[in-house]
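To start, the structure under review is shown below, and the notes come after it.
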Amino acid sequence: MVNFNLNNQYYRYNEVIKHDYLADSVWFFVPGYSLLFIAVLLASRSLVMYPLYYVAAYLGGTLLISLLCFYFMHIPEAGYYVLLLTGLHSFVITSVGLMSLVLLNTYCGLNAPLGVWLVSLGLVLAAIADALIGLYWIYGNSGEGYFPQIRYINWIIYISSQCLVIHLAKINITYKLG
């Protein structure tokens, strides 16, 4: 409900970011995406399949990509609250998007079954949808955002991602790791 901004409250935290209310949605999306991350770990059985150096490389890559993306889109004057929450979300959603590679790698890479590819695509689309929010809705147009156009684009991508990711549970039942 936060994203709908039913009270039409803008510039709540400072006079730089018009749609700064979106930072509040991080309190809801980070726990959800964290659970999705754990679900992908369980579906890929990554806890037992990958050595520590692989996990370290994954986390390092996630941190590097999320920091670079955040660096190039943020506005330093946005305020600590908005910067902290959007920066945290940048890391979390990048980790979810990159889990698509872990999932594909677990299920034979390029030879992975179609269902695995579709769920992996859903993970990537979720990351893209949230990147669009940060880049064009929160920080876009010098903090004014490109609204309402970006909302429609975002919702198409986000809902598509959720329609694909929901099939994650089926992967564990349908496909056996060999």
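Cβ atoms are placed via backbone N, Cα and C, with glycine included.
Summarising the annotation, TrEMBL assigns transmembrane segment to 26-44 (among others).
The transmembrane segment annotation in TrEMBL covers 51-73 (among others).
As annotated by TrEMBL, transmembrane segment applies to 79-104 (among others).
Counting residues 6+ beyond its ends, the transmembrane segment (116-140) has Cβ neighbours under 8 Å at 17, 19-20, 22-23, 29, 33, 36, 40, 69-70, 73-75, 78, 82, 86, 89-90, 93-94, 96-97, 99-101, 103-104, 107, 146-147, 150-151, 153-154, 157-158, 160-168, 171, 175 in the same chain. The transmembrane segment annotation in TrEMBL covers 116-140 (among others).
Under the heading transmembrane segment, TrEMBL lists 152-169 (among others). For the transmembrane segment (152-169), the residues of the chain that approach it from at least six positions outside its boundaries are 36, 39-40, 43, 115, 118-119, 121-126, 128-130, 132-133, 137, judged by C-beta separation under 8 angstroms.
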Residues from the same chain, set at least six apart from the ends of the transmembrane segment (51-73), whose C-beta lies under 8 A from its own: 86-87, 90-91, 93-95, 98, 102, 131, 134-135, 139
